[in-house]
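Listed in TrEMBL for this protein:
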type	residues	note
DOMAIN	11-78	domain 'CASTOR ACT'
DOMAIN	116-199	domain 'Cytosolic arginine sensor for mTORC1 subunit 1/2 ACT-like'
DOMAIN	201-262	domain 'CASTOR ACT'
Amino acid sequence: ELPPSEFMQVADSTWLVLSVVSNGREPPGCQATGVTKIARSVIAPLAEHHVSVLMLSTYQTDFILVRERDLPVVIHTLAGEFDIYREESGECVPVTCDDVSNGFLKPKPATSPTLHPVQSPQTRFCVLTVAPDTLPAIATMLIDVLFYSHSPPREAGASSQDLDSITFFSFSLIEGYISIVMDAETQKRFPSDLLLTSSTGELWRMVRIGGQPLGFDECGIVAQIAEPLATADISAYYISTFNFDHALVPEEGIAEVIQLLQQRQDSGR
């Protein structure tokens, strides 16, 4: 319904959403949540089969977006580890490899992925949700934050490793569930009794992946972050956007995360 505009870019791919539901087979002692929980079982195998993904973490769960044309490869890759269903008219219907065998192409051997730089601004973030019936009470504030009060884009020098802050606000509404990521200063503008967070009220720090827009054809970007964090059992909340990827980790673990990612960078050179 959006009118064509010279100001709007649209990726040329149509994407499908994968929702991963736990079946209780995680290894004992595994505490990681978010993208790191599915790093070995989903993210890494798809990267190895040269499937590009967009990752969207929400307050409630995580979603993986894959290009529609890659679906046969995705199903063949994950069928050995997962029971796969597609949604039809609200019902879940089992999918087998035979259902998508037509058009399946054996994936090309994946080239070594580019190790993109990561930046870690000092900004502290909150991951929140809002009860849908209270949304009207903060609607005006949301509109102001989303469209009017954000800072202008930084100049090219903002790609340096010592960013002091970053402007980032994420709002998602998926099947009635609302998920918001905002910096701690912006949170102070909202009524505290309407914003719900975890019982610990934890704050998060961000690493932004890529010194320039990443595009959609490259694979292994999410795995670059998720795999080392999964090895260290560190939770991460991950949001892919049109230009960059962003991972949020618990504030107390940011130093370890930067060290792990720097070691990966060094070993890849």
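Residue positions begin at 1 at the first shown residue.
Cβ coordinates are placed from backbone N, Cα and C, and glycine is handled just like the others.
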Could you give me three numbers for the domain 'CASTOR ACT' (11-78), the DSSP helix, strand and coil residue counts? 25 helix, 17 strand, 26 coil
Counts by DSSP class (helix H/G/I, strand E/B, coil) across the domain 'CASTOR ACT' (201-262): 23 helix, 17 strand, 22 coil
The domain 'Cytosolic arginine sensor for mTORC1 subunit 1/2 ACT-like' (116-199) [mean pLDDT, rounded to integer]: 84
